[in-house]
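As written in Swiss-Prot, here are the features:
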{"type": "REGION", "residues": "1-169", "note": "region 'CPSase'"}
{"type": "BINDING", "residues": "SER45, GLY213, GLY215, PHE243, GLN246, ASN282, GLY284, TYR285", "note": "L-glutamine binding site"}
{"type": "DOMAIN", "residues": "168-345", "note": "domain 'Glutamine amidotransferase type-1'"}
{"type": "ACT_SITE", "residues": "CYS242", "note": "active site, nucleophile"}
{"type": "ACT_SITE", "residues": "HIS321", "note": "active site"}
{"type": "ACT_SITE", "residues": "GLU323", "note": "active site"}
Amino acid sequence: MKKYLVMEDGTVLSGQGYGSYKEAYGELVFTTSMTGYLETLTDPSYVGQMLVFASPTIANYALEMGKMESNGVKVSALITKDAHIELKKGGYGREFDEFLKEQGIPGIDGIDTRMLVRKIRANGVLRSYVVNDPSHSLDFPDPMNDDLVSKAVPHHDPVFVKGEEGGTVLFIDLGSKNTLKELMLQNFSLIVVDKQTNLDEIEGYDAIFVSNGPGDPSHPSLSNVIKFLSHNIGVKPLFGICFGLQAISLAYGAKTYKMKFGHRGSNHAVTDGTHSYVTTHNHGYAVDGSTVKDFKVIGWDANDGTVEIIEGDDMFAVQFHPEASPGPHDTRWFFGEMKRRIGYA
């Protein structure tokens, strides 16, 4: 089955289709992670995006369904050089091709991903389709104009998770992955809500945590969350990861911007001026450091200087993923820092 990758600049690439027969549309981005492909594909921050794996070989070890970061694959499509689509090992008994068919996600293999990564780095992310017939006329709307957070997290009633000794955290889920499990391991009690919840009606918590998520943090659909965070500056301790850092920064009055091709992968170096860490990233937006006034930037990306760690009075947030999944555990100290700042360390 032949499939085609059609980009907004007119480039058309052909390859071997696998997974679902469906066609797909999204923002074409790449990840530099060499392993952890299942965790990557199931990260809700990828909603609205088609993913290129910079690593040429994918799915060369068996699927472990317990390592999924959400309830399913979140990328719109995946583009690979050499996917082992029929690999079936051990007791898992799942082929990659079969799994993607069940998830309704198309893949296209045999693509020169090295060339494609260079193209994205040079030109920025590209709106693209994976199609079965490239002869049709196609429109290329901006996926970031959509309310991607609602696609990642449907509205639900608040969920209470009882911990043992770590205090109670209001967990604003904007597309969380493994962070929820990490906070449970820290013995926090959690009140889990989504962005459509009336946050002002929730009571009985000691701190507020804002999760990662997809899309543009300044999207109008998130205005109620930003307003709520703004009203709680200096009232409750605020914490955030990735998208959460951006949302908190907006609440303080800072600005965010869209990056040329973003940071995605489990091998990004971050420095605080004293220590350096290897971290996992998945974001296409960042905080404009020149607009920061009422909090401090205390960590930066070692390659391009992107804002990575911020702190203020009763506020602490990171742009990277200390829970990794996939990736290194250099920054798991973040969760201990949360407990210390809340007063339960």
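Any Cβ shown, glycine's included, is placed from N, Cα and C.
Feature map: annotations from Swiss-Prot on the structure.
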residue: SER45; record: L-glutamine binding site; Cβ neighbours (10 Å): 30
residue: GLY213; record: L-glutamine binding site; Cβ neighbours (10 Å): 28
residue: CYS242; record: active site, nucleophile; Cβ neighbours (10 Å): 30
residue: PHE243; record: L-glutamine binding site; Cβ neighbours (10 Å): 28
residue: GLN246; record: L-glutamine binding site; Cβ neighbours (10 Å): 30
residue: ASN282; record: L-glutamine binding site; Cβ neighbours (10 Å): 27
residue: GLY284; record: L-glutamine binding site; Cβ neighbours (10 Å): 22
residue: TYR285; record: L-glutamine binding site; Cβ neighbours (10 Å): 18
residue: HIS321; record: active site; Cβ neighbours (10 Å): 27
residue: GLU323; record: active site; Cβ neighbours (10 Å): 24
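GLY215 (L-glutamine binding site) falls within neither a helix nor a strand when secondary structure is assigned with DSSP, and so counts as coil. If you take every residue in the domain 'Glutamine amidotransferase type-1' (168-345) and average the pLDDT, you get 96. Within the same chain, residues at least six positions away from GLY215 (L-glutamine binding site) with a Cβ under 8 Å of its Cβ are VAL47, GLY48, PRO143, MET144, ASP146, ASP147, LEU148, VAL149. Residues SER45, GLY213, GLY215, PHE243, GLN246, ASN282, GLY284, TYR285 are listed as the L-glutamine binders, and the farthest two of them sit 13 Å apart at their Cα atoms.
Taking the mean position of the Cβ atoms of SER45, GLY213, GLY215, PHE243, GLN246, ASN282, GLY284, TYR285 as the L-glutamine site, the remaining same-chain residues with a Cβ inside 8 Å of that point are GLY175, ASN212, PRO214, ASP216, PRO217, CYS242, HIS283. Using HIS321 (active site) as the reference Cα, a 10 A cut-off selects CYS242, ASN282 from the recorded positions GLY213, CYS242, ASN282, GLY284, TYR285. The secondary structure of GLN246 (L-glutamine binding site), as reduced to three states from DSSP, is helical. GLU323 (active site) and GLN246 (L-glutamine binding site) are 18 Å apart (CA-CA, integer value). Here the C-alpha separation of SER45 (L-glutamine binding site) and GLU323 (active site) works out to 14 Å.
Here GLU323 (active site) is positioned 12 angstrom away from ASN282 (L-glutamine binding site), judged by their C-alpha atoms. The two recorded residues, the residue listed as 'active site, nucleophile' and GLU323 (active site), have Cα atoms 11 Å apart.
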